[in-house]
Amino acid sequence: MGMSKSRGCFGYPLSIFFIVVNEFCERFSYYGMRALLVLYFRNFLGWDDNLSTAIYHTFVALCYLTPILGALIADSWLGKFKTIVSLSIVYTIGQAVISVSSINDLTDHDHNGSPDSLPVHVALSMVGLALIALGTGGIKPCVSAFGGDQFEEGQEKQRNRFFSIFYLAINGGSLLSTIITPILRVQQCGIHSQQACYPLAFGVPAALMAVALIVFVLGSGMYKKFQPQGNIMGKVAKCIGFAIKNRFRHRSKAYPKREHWLDWAKEKYDERLISQIKMVTKVMFLYIPLPMFWALFDQQGSRWTLQATTMNGKIGAIEIQPDQMQTVNAILIVIMVPIVDAVVYPLIAKCGFNFTSLKKMTVGMFLASMAFVVAAIVQVEIDKTLPVFPGGNQVQIKVLNIGNNNMTVHFPGNSVTLAQMSQTDTFMTFDIDKLTSINISSSGSPGVTTVAHDFEQGHRHTLLVWNPSQYRVVKDGLNQKPEKGENGIRFVNTLNEMVTIKMSGKVYENVTSHNASGYQFFPSGEKQYTINTTAVAPTCLTDFKSSNLDFGSAYTYVIRRASDGCLEVKEFEDIPPNTVNMALQIPQYFLLTCGEVVFSVTGLEFSYSQAPSNMKSVLQAGWLLTVAVGNIIVLIVAGAGHFPKQWAEYILFASLLLVVCVIFAIMARFYTYINPAEIEAQFDEDEKKKGIGKENPYSSLEPVSQTNM
């Protein structure tokens, strides 16, 4: 064992402050990056909701599978310190790679605002995420245990407080990052064109990871560094493998039965190890239903974020971005953990109710299930406000009269008459095979003009008319609400020459006469824009201001010549803004956070209390593995489900967890609590009597009651 001399501050080893700061920065880096992923996949890489959700949960699953690799490296090869440093370097490189992958100008050679080679961005993103998963997962089982190693015997009180501080550092980093990085994302940046600033939003977490690494290395001279003492997970696996093999070798009736299947390892392994593995397998058996909880919990960053994009983020004077709603969980965690520990549990105990660890975990599962019932109710309310878009064999048409006369448009079975500068109230829906003819007429002009156009099924179209014989059909290109709560704006030019419009850093270039531009998308708020044209006198006003944009709307701005010869702009609503407020997500976040506090914190404490001293790392890896399996469950459901309504998927998850909750309650009913310390003390006593007096070579890992490891 190699160690440095321990220096103290307020009764704590000075080294632990470097570890706490490192953990704060690392969690800021991880959660700041993770908060952006789903919207980055959908809006930058152009993936649909299901693929975005699937890749997101694949990444999270990898982050919770790699701790097994990290524990193996630390235990059998590098030790905790070198493992943390080495994998933190990998982690930092991964964060830098994904930041570079989000630079639009990397492949935007024609400077049109869109990447010319999306596969390059996808490849870089996947490489970055793979490196991050290896780095963050690999250091997970090492950092908290390394912090525990810094304390001397007799410092149990300080060690327990350290883990509380460590837990708050994790949630503090998570909270700040999920507030800050979405703000950075909505900024506009770019060399040749302006887009959502993903490079900055990913770059700040990358910088924080570099800071985390530097801070950790600066404390190197103060750390106690234990040499690797052998791979206990390997010993456990070999013992279990030998027991199974030996049992099948001796399965005939000629061999007497043994009390436990692990007793078949006695020919090769000592009773202490076998007894310790029995304790671990009892807890591991209880882990079997747990992934279902994580399958629901980790959807905060995917489905719930996507749900928030269809809601209104104005809460009083505050304006919240969809990916910032995840901060509600971190805020509630910081508030509720001390309240539950100091108030709720003591009150329950005073009432005489034996609220055991497994009962707490059962309640946590139930609360998470109810959170998804609430999410389903909110989704039903959202669905009521969403516009209806055309089906596969339908088209939708809106008529916009941009002329100076009244116009009548005749559809099969229906006619609409529009005054000058007006549009139909809604999009009209037609089956494509029944849309046989469309005719335009005007009371001031003789004759009827037939609209000759092949409407594209499954899409919305705008029919621009300005006199009975002149019209233009424009395919809108919007078949859903604008993504990430932004607002779509397009311009219609009624002048006799081309115009160019600049709005908040984006350019609508060369919009031809009596034609419409494509939509461009902007966050909420008022937007300044300038119309460049030579069609009006230099003294005329060319700078204008939009209305106060809300969330998820779309508008058409018609540019026309006013009576004084200058320009005027009229606004028409294409898609109404979101009306269901994001505040309605708070109850589901509250229920899920309550479930997290009583499930996750209790689960780790229970696992460690029931584990032998030298196998706490084994159970820590097993606990993290349940998170990985939970994300794999989401992958399977998202890939195979394809529910027509999102609320139905929420109800499915709630029902599955409720069933699992009942199963877990039954399993918990038959579980017998043990005291591993007493069992190990008995082995020590027996060995002393036999004159063996072996010292257990494996140091214990202290439990860390935290949910965001």
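Quick reminder: no glycine exception, Cβ is built from N, Cα and C everywhere.
Listed features, source Swiss-Prot:
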type     : residues : note
TRANSMEM : 1-21     : transmembrane segment
TOPO_DOM : 22-53    : topological domain 'Extracellular'
CARBOHYD : N50      : N-linked glycosylation site
TRANSMEM : 54-74    : transmembrane segment
TOPO_DOM : 75-82    : topological domain 'Cytoplasmic'
TRANSMEM : 83-103   : transmembrane segment
TOPO_DOM : 104-118  : topological domain 'Extracellular'
TRANSMEM : 119-139  : transmembrane segment
TOPO_DOM : 140-161  : topological domain 'Cytoplasmic'
TRANSMEM : 162-182  : transmembrane segment
TOPO_DOM : 183-198  : topological domain 'Extracellular'
TRANSMEM : 199-219  : transmembrane segment
TOPO_DOM : 220-276  : topological domain 'Cytoplasmic'
TRANSMEM : 277-297  : transmembrane segment
TOPO_DOM : 298-327  : topological domain 'Extracellular'
TRANSMEM : 328-348  : transmembrane segment
TOPO_DOM : 349-361  : topological domain 'Cytoplasmic'
TRANSMEM : 362-382  : transmembrane segment
REGION   : 383-585  : region 'Extracellular domain (ECD)'
TOPO_DOM : 383-585  : topological domain 'Extracellular'
CARBOHYD : N406     : N-linked glycosylation site
CARBOHYD : N439     : N-linked glycosylation site
CARBOHYD : N515     : N-linked glycosylation site
CARBOHYD : N532     : N-linked glycosylation site
TRANSMEM : 586-606  : transmembrane segment
TOPO_DOM : 607-620  : topological domain 'Cytoplasmic'
TRANSMEM : 621-641  : transmembrane segment
TOPO_DOM : 642-646  : topological domain 'Extracellular'
TRANSMEM : 647-667  : transmembrane segment
TOPO_DOM : 668-709  : topological domain 'Cytoplasmic'
REGION   : 690-709  : region 'Disordered'
COMPBIAS : 697-709  : compositional bias 'Polar residues'
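Distribution of Swiss-Prot features across the structure.
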residue	record	contacts (Cβ under 8 Å, 6+ apart)
N406	N-linked glycosylation site	T417, L418, A419, Q420, S442, S443, G444
N439	N-linked glycosylation site	V409, H410, V448, T449, T450, V451
N515	N-linked glycosylation site	L464, R472, V474, V492, N493
N532	N-linked glycosylation site	V499, T500, I501, K502, T542
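If you look at the transmembrane segment (162-182) against the transmembrane segment (328-348), you find at least three C-beta pairs under 8 angstroms, all six or more positions apart, and that counts as contact.
Counting Cβ pairs under 8 Å to the transmembrane segment (621-641), the stretch among 54-74, 83-103, 328-348, 362-382, 647-667 with the most such contacts is 54-74. A strand conformation is recorded for N532 (N-linked glycosylation site) in the three-state DSSP classification. Between the transmembrane segment (328-348) and the transmembrane segment (199-219), the number of CB pairs under 8 angstroms, six or more residues apart, is fewer than three, so the stretches are not in contact. Counting C-beta pairs under 8 angstroms (sequence separation of 6 or more), the transmembrane segment (277-297) fails to reach the transmembrane segment (199-219), with fewer than 3 such pairs. Take the transmembrane segment (119-139) and the stretches 83-103, 199-219, 362-382, 586-606, 647-667: counting Cβ pairs under 8 Å, 83-103 has the most. Sequence-distant contacts of the transmembrane segment (362-382), counting only residues of its own chain at least 6 positions beyond either end whose CB sits under 8 Å from a CB of the stretch, comprise 292-293, 296-297, 303-304, 307, 310-311, 580, 584-585, 587-589, 591-592, 594-600, 602, 645-648, 650-651, 653-655, 657-658, 660-661, 664-665, 668.
Listed stretches 54-74, 199-219, 586-606, 647-667 were compared with the transmembrane segment (83-103); the greatest number of C-beta pairs under 8 angstroms is found for 199-219. Beyond the topological domain 'Cytoplasmic' (349-361), the same-chain residues lying 6 or more positions past its ends with a Cβ under 8 Å from any Cβ of the stretch are 286, 598-599, 602-603, 605-606, 609, 664, 668, 671, 673. Taking Cβ pairs closer than 8 Å, the transmembrane segment (199-219) reaches residues 14-15, 17-19, 21-26, 28-30, 32-33, 36, 40, 84-85, 88-89, 91-92, 95-96, 98-100, 102-103, 177, 180-182, 184-185, 187, 189 in its own chain, all 6 or more past its ends. Away from its own ends, the transmembrane segment (647-667) comes close to residues 285-286, 289-290, 292-293, 295-296, 299, 303, 358, 361-362, 365-366, 368-370, 372-373, 375-377, 379-380, 383, 637, 641 of its chain (Cβ-Cβ under 8 Å, at least six residues beyond either end). According to its DSSP assignment, N50 (N-linked glycosylation site) is helical. Taken together, the residues in the topological domain 'Extracellular' (298-327) have a mean pLDDT of 84 on the 0 to 100 scale. Long-range Cβ contacts of the topological domain 'Extracellular' (642-646) within its own chain (Cβ-Cβ under 8 Å, at least 6 residues beyond either end) map to 50, 303, 307, 379, 383, 652. Tertiary neighbourhood of the topological domain 'Extracellular' (298-327): same-chain residues 34-39, 42, 49, 52-53, 56-57, 60, 175, 178-179, 181-183, 185-186, 375, 378-379, 382, 386, 481, 483-485, 523-525, 550-552, 577-585, 588-589, 592, 627, 630-631, 634, 646, 649-650, 653, selected by CB-CB distance under 8 Å and a gap of 6+ residues from either end.
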